Amino acid sequence: MKMGNYSAVTEFLLVGLSQYPELQNFLFVLCLIMYKIILLGNSLLIIISILDPRLHTPMYFFLGNLSFLDICYTSSTIPQMLIIFMSEVKSISFLGCALQMVISLGLGCTECILLAVMAYDRYVAIRNPLRYPIIMNKVLYMHLAAWSWAIGCMNSLVQTVMTMVLPFCGNNVIDHLTCEILALLKLVCSDISMNVLILTVASVVLLVIPLLLIFVSYIFILSSILRINSAEGRKKAFSTCSAHLTVVILFYGSALFMYMKPKSKNTKVSDEIIGLSYAVITPMLNPIIYSLRNKEVKEAVKKILKRHLHLTKV
């Protein structure tokens with residue numbers, strides 16, 4: 001293909017759902033409300049886990065990482081999405097698009113690994129409760145979290161660079177709500193077989209394998225829960241694990257649908273709506289599920305509120 005007939009792309013137009021203005025208005029209100037809940041809920045979970053010494057455990061360390069990740073992840077996409085919903089000129093600069101892609105893809109990949117790490121943490125806690133503090137020591141759980149971030153960010157950086165250096169040949173209309181890598185690759189006017197290969201391998205390594213590890217972990221966890229003599233102990237263990245599984249099913253289900261289904265040239269409305277589920281809904285549900293279903297978090301909130309009220313009276 002001759003490249004001289006095309007101009008370089010300096011900005012992209014995000015036209016996802018633009019043919020449904022009423023739906024965009026509805027999604028603007030819904031996403032705005034959800035974003036406020038995400039910021040408030042995840043920030044509170046981080047603050048509570050820091051202020052209460054009883055929550056200085058590997059489980060809440062990973063939860064704090066997950067909350068911080070969700071705040072950053074949604075902040076990289078939702079504000080721009082809200083602007084696009086209400087703006088007549090639905091554009092984003094080339095650099096802005098690349099930045100949005102590298103952040104959102106990196107944090108999404110990090111969450112995939114982090115959820116698997118959290119499943120391993122629960123597996124050790126329930127299968128080996130007496131040896132749990134020794135196995136899941138501070139050095140190990142900090143390294144697990146650090147490697148989750150490092151692998152996710154490195155994968156994102158490689159895929160973003162490989163995508164953005166390709167020729168778009170003047171085609172700058174993205175049929176999506178964000179600068180999502182699958183939507184960008186559809187605009188490329190050269191061979192993308194290497195990009196598709198790396199994306200497929202990354203999807204298997206970062207989506208399929210962690211999901212399989214999570215299910216294997218929970219098979220062993222379930223067998224251990226059933227052997228717990230105390231009914232209260234079984235209830236507490238099952239409540240903690242069911243909350244994690246709820247997040248896993250919502251996040252991995254939508255992500256697998258997007259990245260592992262047969263690719264079509266045209267973006268469907270269902271793809272964009274499902275994309276919102278792991279971009280907005282799951283980050284909103286994380287603090288709600290983990291706090292409302294967790295007795296330790298509830299007690300920590302009550303303790304902090306009582307302390308605050310006491311200081312106010314004084």
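Cβ atoms are placed via backbone N, Cα and C, with glycine included.
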Of the residue ranges 173-192, 273-292, which one carries the transmembrane segment annotation in TrEMBL?
273-292
Local confidence of the domain 'G-protein coupled receptors family 1 profile' (41-290) - pLDDT mean:
84
